[in-house]
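Chemist: What TrEMBL records for A:61-68, A:126-130, A:180-183 is GTP binding site. The domain 'Tr-type G' annotation in TrEMBL covers A:52-283.
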Amino acid sequence: MNHAPKDMEISVHQLMGELRLNHGLSPCLANHVSIFELHVCDTVDLSKFPVDRIRNFCIIAHIDHGKSTLADRLLEITGAIAKTEKNKQVLDKLQVERERGITVKAQTASLFYSHQGEQHLLNLIDTPGHVDFSYEVSRSISACQGVLLIIDANQGIQAQTVANFYLAFEAQLTIIPVVNKIDLKNADPERVESQIEKVFDIPREECIRLNLEQTLRRFSKRLWRGFHRKQLNTEDPFKALVFDSNFDHYRGVVANIAVFGGRVRKGDKIVSAHLGKTYEVNELGLLRPDEHPTQKLFAGQVGYIIAGMKDVKEAQIGDTLYLQEQPVEALPGFKPAKAMVFAGMYPMDQSEYPGLRSAIERLTLNDSSVTVQRDSSLALGAGWRLGFLGLLHMEVFNQRLEQEYNASVIVTAPTVPYKAVLSSAKLIKEHGSEEITIVNPAQFPERSVVSEYLEPMVLGTILAPDSYTGKIMSLCLNRRAVQKNMVYIDDQRVMMKYLFPLNEIVVDFYDLLKSLSSGYASFDYENAGYQAADLIKMDILLNGRPVEELTTVVHRQRAYSTGKAMCERLKDSIPRQMFEIAVQAAIGSKVIARETIKAYRKNVLAKCYGGDITRKMKLLKKQAEGKKKMRRIGNVEVPKDAFISVLKRKEK
Amino acid sequence: MIKLTCRAAGRVLCPGLRCFSGGEVTEHASGWIQSPHLTEQASLYVHWPYCLRRCSYCNFNKYIPKKNNDHIMTKCLQWETDTLLQLSQVSCITSVFFGGGTPSLTHPSTIAAILETLSKRMSLSDEAEITLEVNPTPAGMSKLDDFVRAGVNRFSIGVQDEDLKSLGRDHSSQEALKTIEEARRLCPGRVSVDIMFGRPKQTVESWEKELSELLRICDDHVSLYQLTLERGTQLFKQVQCGEVTVPAEDVTAEMYQCARKTLQQHGFLQYEVSNFARHNSVSHHNMSYWRGKQYIGVGPGAHGRFVPLGEGGVFREARTQTLEPDVWIREVQQRGHGTRRRIQLSRLELLQEVLVMGMRKTRGISHKHWELFSPEMGLCEIFGASMDVQQLVQSGQLILDDRGLCCSWDGLALLDSILPTLLVELERQILQKPHRDHSVFTDGQTKKTSNPQ
């Protein structure tokens, strides 16, 4: 049974053809403007901006190809921000964004420029760069008329470049490839342009080589000319797309919207198409990039709106807003965020539980895509099972938790949501559906009541120099991946597409890929539905007794290696005891891996006289304290550290 | 107080009692306060901090002196002895132990002077055990006679590892041999030989050979110590960086078991984890530690456990003297003592120490002995109902019967795995009954604790 989407097999070349058609449609606005005077206007009279003088665009790129830097420079040139050394990555407001050089939350800035006495409005929507946020990207993109696809002149096309291209391509936007960093040593714009031609089927003449300082003006011109405008009308009923939302403690939810029709003003009653709830608009305005309140927003504009929403879940990304008295059809493509990677989070110490709870609550206020479920583990105490869009999303969340809320947490190794198709009528009735999702191994139904198990799949794109092809192929094979495609994008670089079980890439795949390719390979993936899989439940036994919190769902092929690795980690982290301990991995009653912790043969301090007592007592009391906290499995005492070392995500 | 030898090993002691019943014993009525019997007596440990050289494995409190200040050191040891005896108000010193460092480097007159100070406060019977740690050197050997004349009646001789390997076959091991012979001549039946196992390059076979050499020459007391890697020693660094390897855990476990058997076959009864004696020649001084008796520590870094009755104290204190000899000397000159830290032991803490130390003895802790410290709660009451303790009893590691609580032969080798279980149970039971909290206070200007070992 194949649950992969049908379009999986679409080849790059088919897509290329479609792209060309799309390009043909782009109207050229060359006559409209010739020389640009970019500047900020002090007074914003938005009614003076007819729809045909507004352009919304976003910049998409692989990590580090210069997206945020370009955005900063654009803001500088239009005077939206001051030109200083410190002004780096202005749109990346979060610490984690600046540190990692990535954008997590989509941000928006409105830029003005005038030409021949006419004011023009350019709305820049900075998007998250990673595919985990592809839904946010795709919603941001749908608010735009065009995208700038930035490619580093040295590194060439990378996995994310490809993923981002398809997002824009599917949204039928005009795509302007920009070859960035051409001044750097080793830059090879020729080669990159021919890659673009080959992979995206965009003629090399359409690429812009960008040397920031010199050609930005020329580039702005191109930018204007390249983007066609959508047919929007300020006379239509109001209709807006929510493409991002934030939570502000004083004002509630701040939603970023793109107005696709009509106008909205303070005091209007608006409705969320998804929830059907009505709100009154308290405040609205432009983002330049800071909030700049205005009286109204018009079709074609991008801005923010505050309407008394109390929870970010009320302003879901992709939702449509309209006026209460003028219902409209919702914009297509809305889907609630779906968690693809799950991990347990527990406080280091149970006394830190309330603090961690409020940190998680505050952080999820700003990120409606994180799912939170209370969980508790015999070993780690009370905690949560959180669902994330993907791995980077999870890492960013953890990092923000640590940096912004100073919370130290135990994060368990990530798991994926499996599914089971039930065969027992009784169970189907109990669950209310034939197909159930299994997030916790404890809920894993027995083989006898299940007609099949399903696991989530992803379509991965790997780009790397061809000298690493062999190693990469064997790594993928090892991860149960099926090759779907392989193309040379130039004479040295190969693009490979593989269908992976998601579970195979959530833990350490990316790190291994990076290390075996000396850092040259790039990887990205998109969700590709569910597929039947031979899943089994594996128990870990200590002297024959199962350890509930270590029960794992694995693919049959991976059972041995996973079981062995868990046994080894346990062996290294359970202290020797007075008797031998068998650490076993078992499927049902069949043991598949075993490690032995040998009994202590001698454990007694050689000397203990008057001067040794103080030190000895300290040590023993510490052990006695530790003993109270240990979890007993039969007669085996297991320290919390042992669970942490088995359950925890490995440090990089 | 500290006791330790700078060379390989330990020390031993003999029986002795000399006592005097003099001082006044204040009666204390409240709760767990120790019976007068416990506060009337103490043993005395005197620390001589100097060594000739630094041994690679030793982390004891010892110094290589730059200049000879034996005279000042002697004066200060006398002074501190006097101060602390007075403070403790004991009427009887049951034994004296001169440890170090290398106390056999000192002049016999130092020993004589300290014992004299002691006798001035109380009469010291001829039978009281007075032990001196000795390193086998030619100079040391010639002085043994003088030490005996100064009052020493027991020697604890540390045999160096290189001596053991070639016992009697080269110059330095000849010295060791002669020292032991001389000591036995002077104090027959009251000489302990201390040796160390688990040394680099040692195998079970070579250890067995060393052991049989040892049995040929030793007296009635043997202490066996497993070499422990201590942070900050040269050996620790060498092992860390892979220059030197020490035998694996399983190997040292076998060395220990094999020594226990061999010594038993030769009539040596094990009476503590590391101590063996025949003809009842146990170290009385060390026995008093394991029995939870009071002791007074004198000298740099020495530890003590006693009730300072002299200043109206009612609780036993854990006391530590200042570590560095020069600083200690200054403090003694200024205040009459160099006590750096005093911690009052709570009832629970005292019982924890009594338990931990008592279980090191092969005989463990008798009901009667426990009652001395815990009249309101017996061993059976505390440990009898615990499932965990029961499990240790059933698996044959622990014995709880009408004699008391002790480890089995196998259990003794695993004592440190057993003790946490006992401590958890003890705490649970004791905390159910209200007791006074302990407090920490610091003596003198300095606040920092120093632990000489």
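Cβ atoms here come from the backbone N, Cα and C positions, even for glycine.
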Chemist: Hey, what's the Cβ neighbour count for A:Asp64 (GTP binding site) at 10 Å?
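Modeler: The Cβ of A:Asp64 (GTP binding site) has 17 Cβ neighbours within 10 Å.
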Chemist: Restricting to the domain 'Tr-type G' (A:52-283), report the mean pLDDT as a whole number.
Modeler: 75
Chemist: Please work out the number of neighbouring Cβ atoms within 10 Å of the Cβ of A:Ala61 (GTP binding site), leaving out its own Cβ.
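Modeler: Here the count is 26.
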Chemist: Tell me, by DSSP, whether A:Lys67 (GTP binding site) is helix, strand or coil?
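Modeler: Reduced to three states, the DSSP call for A:Lys67 (GTP binding site) is helix.
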Chemist: Including all protein chains displayed, how many Cβ atoms other than that of A:Ile182 (GTP binding site) lie within 10 Å of its Cβ?
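Modeler: Around the Cβ of A:Ile182 (GTP binding site), 17 other Cβ atoms lie within 10 Å.
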